[in-house]
Amino acid sequence: MRSKHLVTLFIITFLSFSTVKVWGKDVFAGFVTKKLKTLLDCNFALYYNFKGNGPDAGSFLDFVDEPEQFYWFVEHFLSVKFRVPKHLKDKNIHNFTPCLNRSWVSEFLKEYEEPFVNPVMKFLDKEQRLFFTYNFGDVEPQGKYTYFPVKEFHKYCILPPLIKTNIKDGESGEFLKYQLNKEEYKVFLSSVGSQMTAIKNLYSTVEDEQRKQLLKVIIENESTNDISVQCPTYNIKLHYTKECANSNNILKCIDEFLRKTCEKKTESKHPSADLCEHLQFLFESLKNPYLDNFKKFMTNSDFTLIKPQSVWNVPIFDIYKPKNYLDSVQNLDTECFKKLNSKNLIFLSFHDDIPNNPYYNVELQEIVKLSTYTYSIFDKLYNFFFVFKKSGAPISPVSVKELSHNITDFSFKEDNSEIQCQNVRKSLDLEVDVETMKGIAAEKLCKIIEKFILTKDDASKPEKSDIHRGFRILCILISTHVEAYNIVRQLLNMESMISLTRYTSLYIHKFFKSVTLLKGNFLYKNNKAIRYSRACSKASLHVPSVLYRRNIYIPETFLSLYLGLSNLVSSNPSSPFFEYAIIEFLVTYYNKGSEKFVLYFISIISVLYINEYYYEQLSCFYPKEFELIKSRMIHPNIVDRILKGIDNLMKSTRYDKMRTMYLDFESSDIFSREKVFTALYNFDSFIKTNEQLKKKNLEEISEIPVQLETSNDGIGYRKQDVLYETDKPQTMDEASYEETVDEDAHHVNEKQHSAHFLDAIAEKDILEEKTKDQDLEIELYKYMGPLKEQSKSTSAASTSDEISGSEGPSTESTSTGNQGEDKTTDNTYKEMEELEEAEGTSNLKKGLEFYKSSLKLDQLDKEKPKKKKSKRKKKRDSSSDRILLEESKTFTSENEL
């Protein structure tokens, strides 16, 4: 019996010890099974022998100090299915058979859901160094370099030049060329006159007869042949991330590297240390003032040497793929990881300063999740569900019992108190048209993206996202602001009715989705900029989902800043259950584990803030307009109660997991009224600048329709909901041409170059011009009044009834009018009827340039038969809440009994 206990104790001790050993120093050792270790060795063997000439020590990748090299190896080797290239199949390099058709990243993520990347880097770096030591012994591994090609100091070659000709050698048949050595180059530099004069001067000093004879042939054929002096390229080699981590500018980084290297040139083993010798030789040959300037450069960090020779383009660097190293034409050095783009030239000069341009800023690799590199859609889906499965049980729906215990006040929210205007800052300008606001909103978001991608502070980046905290909030908040602005101007009859279906958020969505159109706005083709623009594109699509009730086109939701939200969550802001209704709506997306939970959450909170913002601005600074649309907004005090209630619910034990998930991706600033309103005020200030108000032309957007992820989320398209325009959209060439037009001329003709509405339907689906215009005019009657035919009149009247009955709680009719307006309306109908009889051409122009009908929303009530007001209309949206209220009261009374 005692022996059994001893055996048991020994086994437990052994297992505990082995566990500590596995998990103590190396987090991933427990997951890197023998199969994964074998697969990793296969990838290392394939990579180091990729050229087929045996293992190459210059192929070492520095995974820790150069994260970009780590991601390169993951992308091209570890994340793809393992295959042996044709040129290596016949060579006995390694036993690759157990590794075929396997992906290391996919198998690793099945063992570990989503690891922190830094420990993975260190683990793979350790494994690579073991492989390197096994194959190369005591050779010290050096990570690959970033190459910066440079040729000239001013007009002088840094290296001794090469004389090239088109004179053919009689024996070899090749063109004659002459490579100068250092002594010859010194003579060449001391010569006065043209290049041929310098060559002739050089000829008189050369002692080697064979080289002298070659120069003689070149000089004798001067008049009949092409002779040029070309500077060889010197590649400055840097460990880019390591060397430039403390500098915010690429050119200054190279300057600093040269100072450090040239100060200790005698002891430096760096491959670019000999550049100091070449420069010293050149400056001594040229003498003053260059030698003195070089000494100043060595001691003064404000003195610069590396300068851009051309305007830089993107991408700034050329990063090579494995196949590029096999290309005999490119003839790449194995130790070269990436190289400055051939269009981005640099040279050496002591004149002028480094230009202030964001392209010269250091572009360091961001930390990206490993799951980004999963090989196939199947892998991505597997990892998604695997992570979700490990995240815990979903949140169950709230019960009536819980509601009765958690809600202490079952009365409906009411507040008619006046706003304290002394505490409200005037910010809103109602005179700017919606089309202009769209363009300015996109421009402002471009500026925000510039700010985020040019900052080096990664502290604000969440662990589970590569987008700065707060960016999605700003994107959605600005989209909501402009979307609500459109509704307000509609309610005040200040906007063309055609803008009803031109969702501002869809313009922003397509603007940022079409990243090829961002040239000239900010860092074009910059990977970070594209990532941020796509995030904003996706986020902004959720704004109309909240304001206009998902993907269902309901005209009545345009008549309120909160009715779409009420319909979305099936509750009313005045209801005591409204906060729970919002949370329960979000729970459905949280349980799916999707990003939509975060985006819907921000959009809903933004809509609530926007109600408060417009209520305050209109109440304090536009009193007449405020009285017209007071009932279409939520009172700020009610908004504050709702926001506080949502915040408290998110902090509760039941919904705490939702808050944690949100904070993994985004900032808690969404609950700070001060920060939200500061963002709104900043955008309003941006609008008011004269420079921005001139930019009334919206960007030309491609005709690619918006692809929604599901049929229930976002805004869907139906042909009958889209208002077409007569004028065909410009081509991309025309759009780019307009960008070059003089700004004054652009301002004069701004109405002639109004914005193009992004077409939601593909071109192949669009009908002929005549049919299209007639469909448009018929569709407009839904919102503008009856047609000649009785059937159309009935349809329009019913639509008007629906619009007038959708005002929400405590809504009173604001329609006013006189006989003159009725006559105007009748004339409008006649004009529209004449349009139908025209030769298929419509007078509906782009943007706000011209619109025949100026029918006002308050005129819709005049066209419908008068009906008795329903007493139930006031609380129409809260019927479900009433039922729930009765159930909870019943439950409470039963408990009391």
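Each Cβ is built from the backbone N, Cα and C atoms, and glycine gets one as well.
Note that this is a predicted model, so its numbers are computed, not measured.
From Ser268, Ser465, Ser804, the position flagged in Swiss-Prot as phosphoserine is Ser804. The disulfide bond recorded by Swiss-Prot for Cys157 reaches one of Cys231, Cys244; that cysteine is Cys231.
Within the set Cys475, Cys620, Swiss-Prot assigns Cys475 as the partner of Cys536, by disulphide bond. In Swiss-Prot, Cys262 is paired through a disulphide bond with Cys276, chosen from Cys244, Cys276.
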